[in-house]
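J.: What follows is a single structure, and I will ask about it in a moment.
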Amino acid sequence: MSLFDAAAFQAETGVSRETLDRLAAYEATLRKWQPKINLVGPSTLPDAWRRHFLDSAQLHPLLPEGTRVLVDLGSCAGFPGLVLAIMGVPEVHLVESDSRKCAFLREAARVAGAPVTVHNKRIEAVPPIVADVVTARALAPLNDLLNWAHPFLQDRGAALFPKGQNVADELTDTTKYWKMRTERFDSRTDPTGTILRVSGIARV
């Protein structure tokens, strides 16, 4: 079976040639840095266009209309925040506590011409940014994500969180502490995965 490549990504997402070229520059930088820093699971690198780039890009159609400011928590290798910046979100903040990963993020953003600000801090140490959207991928249980996201969103914006097969249990646990509106979308890259869109977040 052939792997999902850049051409397949373009066919799936409909991005322009220019956007694809910028994403390809990011992908090449990821491959260059991966041996020095463990940015993604080594077994996922050969299928990076599907496992990481499409997995991130599928959030783009779910962004609320008029989204201008996005905060990506625990950015690591830049998924999904850097992909969404390249796809057109005007102002993206990448929050990552590991200095080496921040160096990678700055270089990847430079070669891709992406409008991002990298914050080399723990999430709790970042001064609240008024965000339209908060994202986080493979970072923590939903309750923890809401604790971190709430200062950036208050009750005005939305959060997008890709989740796995335990999403129902996470939602049950989280409703003990939070009031929120939730929408669920099937993942296009993981048959057991779900993307949560959470809004109206307030503590119980």
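Each residue, glycine too, has its Cβ placed from N, Cα and C.
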J.: Using only what TrEMBL says about S-adenosyl-L-methionine binding by G74, F79, I123, E124, identify which of R100, R106, R137 is listed for that site too.
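T.: Answer, per TrEMBL (S-adenosyl-L-methionine site with G74, F79, I123, E124), from R100, R106, R137: R137.
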J.: Please work out the number of neighbouring Cβ atoms within 10 Å of the Cβ of I123 (S-adenosyl-L-methionine binding site), leaving out its own Cβ.
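T.: A 10 Å sphere around the Cβ of I123 (S-adenosyl-L-methionine binding site) contains 22 other Cβ atoms.
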J.: Starting from the Cβ of G74 (S-adenosyl-L-methionine binding site), draw a 10 Å sphere and report how many other Cβ atoms land inside it.
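T.: Taking every protein chain into account, the count is 21.
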J.: Using the residues the record lists for S-adenosyl-L-methionine (G74, F79, I123, E124, R137), what whole-number Å value is the largest Cα to Cα distance?
T.: 20
J.: Can you give me the same-chain residues 6 or more apart in sequence from R137 (S-adenosyl-L-methionine binding site) with a CB-CB distance under 8 Å?
T.: D55, S56, G74, F79, P80, F161, P162
J.: With an 8 Å cut-off on Cβ-Cβ distance and a minimum sequence separation of at least 6, pull the same-chain contacts of E124 (S-adenosyl-L-methionine binding site), or say none.
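T.: Expected: W148.
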